[in-house]
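A.B. asks: Below is one structure. I have some questions about it.
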Amino acid sequence: MTAILERRESTSLWGRFCNWVTSTENRLYIGWFGVLMIPTLLTATSVFIIAFIAAPPVDIDGIREPVSGSLLYGNNIISGAIIPTSAAIGLHFYPIWEAASVDEWLYNGGPYELIVLHFLLGVRCYMGREWELSFRLGMRPWIAVAYSAPVAAATAVFLIYPIGQGSFSDGMPLGISGTFNFMIVFQAEHNILMHPFHMLGVAGVFGGSLFSAMHGSLVTSSLIRETTENESANEGYRFGQEEETYNIVAAHGYFGRLIFQYASFNNSRSLHFFLAAWPVIGIWFTSLGISTMAFNLNGFNFNQSVVDSQGRVINTWADIINRANLGMEVMHERNAHNFPLDLAAVEAPSTIG
């Protein structure tokens, strides 16, 4: 009898670390993207929580009128926010060591830049980690592609828009009321409701909700009975079972008769691709719209476009929206400038007799 002894090479510490990082057997997959994702998202989350609770007021407009955003300075969950970095800083990279003191850094809104830049890097790494895990499991890469839509939207409002406007102070505040303020000011300055890419985004989000509800209700209504009346229908499914849990033919027949035949998918794969692609493409377009409006390529302007035979303006909904935009623009940053840009651009009449 012959015994064969294998000599096992001792794995280095670095090799063991690499194997652990890339192992799909871990309870939570780390991955090389995760090595960067974990510290960046932890940093963004930690600073956000601390600043939301205790950050002092920030001179957002750069005019020595600080705006309070934290809970300890009089706000609640609804009104609180991380106030964007001061207009006095503009687009400058503003880490703590660039300020003369921590107090100055806080006064100029340094935490906003820190949170946003770490957050954007972190969510990109999360997207890369989705692709990495899919690759290692032999899956197709579409999960990461779908996640690129919210990543693009976050990038548009937190990075591209400030770059186009010339200051991080124009970025979206990190809070509920701050988000609404950002939306109102964006409409006032860029007429986003009249931009076709925003319209596509609305169709994507609301259409995606509708299709999700339609699909879920159709599947739930055409489950194959596996239980009695006294049991939950959910008990009729076992994780990993090979047979279908619902009758797609019945669902197809129902919906085809409810609308018309070709409104109903007869292929489960193309149906689920459609459910993923519709909202993703819509949000891509909205992100692209924000990114173009960042550089002042704004929504359609149909103001005073309808006149009668005497040249008198016949007001349309476009004119109503324009009046609302002017009102919103007058009210925001009211101490930073006396007139909205649209009014300030008009040449003043001569007062010389």
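Any Cβ shown, glycine's included, is placed from N, Cα and C.
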A.B. asks: So which range, 29-46, 245-262, gets flagged transmembrane segment in Swiss-Prot?
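C.D. replies: In Swiss-Prot, the transmembrane segment feature sits at 29-46.
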A.B. asks: Between the Cα atoms of Tyr161 (site 'Tyrosine radical intermediate') and His272 (Fe cation binding site), find the distance and write it as a whole number of Å.
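C.D. replies: Approximately 33 Å lies between the Cα of Tyr161 (site 'Tyrosine radical intermediate') and that of His272 (Fe cation binding site).
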A.B. asks: Would you identify the secondary structure of His190 (site 'Stabilizes free radical intermediate') according to DSSP, in three states?
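C.D. replies: For His190 (site 'Stabilizes free radical intermediate') - judged by DSSP and reduced to three states - the answer is helix.
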A.B. asks: Using Cβ atoms and a strict cutoff of less than 8 Å, what residues sit near the transmembrane segment (142-156) while being 6 or more residues removed from its termini?
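C.D. replies: Residues packing against the transmembrane segment (142-156) from afar: 119-120, 123-124, 126-128, 130-131, 134, 276, 279-280, 283-284, 286-288, 290-291, 294.
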A.B. asks: Between His332 ([CaMn4O5] cluster binding site) and His190 (site 'Stabilizes free radical intermediate'), how many Å separate their Cα atoms?
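C.D. replies: Roughly 14 Å, rounded to the nearest whole number.
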